[in-house]
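So the structure is just underneath, and the comments pick up after that.
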Amino acid sequence: MCNCTLTPHVYWAQRHGEIYLRVELSDAQNLNIRVQENTLCFKGQGHGAKGENEYEFSLDFLKPVKVTHRSTQRQVNITVKKRERGWWDRLAAQERKPLFLAPDFDRWLDESDAEMELREKEEKLNKILFESRIPKDPYLGLKKGYLFMYNLVQFLGFSWIFVNMTVRLFILGQDSFYDTFHTIADVMYFCQILAVIEVVNPALRLVRTGVLPPLIQVFGRNFLLFIILGAQEDMQNKPVVFFIFYLWSTIEIFRYPFYMLACIDTEWKLLTWLRYSLWIPLYPLGVIAEAVAVIQSIPIFDETKVLSLPLPRALGTSLSFSYILQLYLAVMFLGLFINFRHLYKMRKRRFRAKKKKAN
């Protein structure tokens, strides 16, 4: 044991593998810190509780340890390694706590919190080890470049649609509703044909999303654009076309730049929020507008017999395409449920990961 004259204030906290001691002794000099058996002996000169003096203390640990230390201008930090990992009920061998010793509340954790901290560290280490074992993709840069250019082209296309429709709405007012298709259709055709790539990408594992959600969206939009609107001139002058195109483009001018930035490992918080939140009102509104267009087209297909299936004379003249459209209405709302659920899970997972990263 050391014969201590003046004792500094010592604060402690523990983890399963270490004890942390913080000795309140600034501008410490002539430090002598050693362990004899299970006893830590400390001696040093500096500015402590009793001013500029020489301070000493000894501490008998509950179990065997080994010690390292580091001094700063304000204090001396001592790390005590436990020879056997485990949680100690107390620090000192004697049941009565030394008077100079107090908990370090800045670093204090109870046993359950320490276990959680340990698990998080192990998870991070395992993740790093796992990622280091995965061979690097030699074509990763090429893939990211391809995805960046695809999203850029789609962003420019839908931005043109959105700006064009907005300007025409301000200039022409409601009159712009009736010639939307003739003004916008060519660019919309291009964008929606190109969107087939969004089904191919997950199939080739270029992106991590599933195939079904983009398949539902791309098929639904192209069916409406090429079959219902493209095949019937009477549908092309309907005001509902304006709302369909406007809702589609509003969603996409935030979705595609989000994916563009993801390709270069960049994130804008506002854009992220818009990408994962704006679809909540707009996506159902878009499906409702599409359903209105389908309902309006049913009597037109009945009258024109376009795309009707010829039948034998014994069964009748033809099977109207309107029956397929009625079935499609039911499938459309089933697709809304599937895609809405998928997008909601993506949003929840995204913001949970951001919250965990922030903490």
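We number each residue from 1, going along the chain as drawn.
Glycine too: its Cβ is placed from the backbone N, Cα and C atoms.
Annotated features in TrEMBL:
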DOMAIN    5-92  domain 'CS'
TRANSMEM  146-167  transmembrane segment
TRANSMEM  187-204  transmembrane segment
TRANSMEM  211-231  transmembrane segment
TRANSMEM  243-264  transmembrane segment
TRANSMEM  276-301  transmembrane segment
TRANSMEM  321-340  transmembrane segment
Paired segments the transmembrane segment (243-264) and the transmembrane segment (321-340) in contact, 3+ CB pairs under 8 A:
no
Whether the transmembrane segment (211-231) meets the transmembrane segment (146-167): three or more C-beta pairs under 8 angstroms:
no
Looking only at the domain 'CS' (5-92), how are its residues distributed among DSSP helix, strand and coil?
0 helix, 59 strand, 29 coil
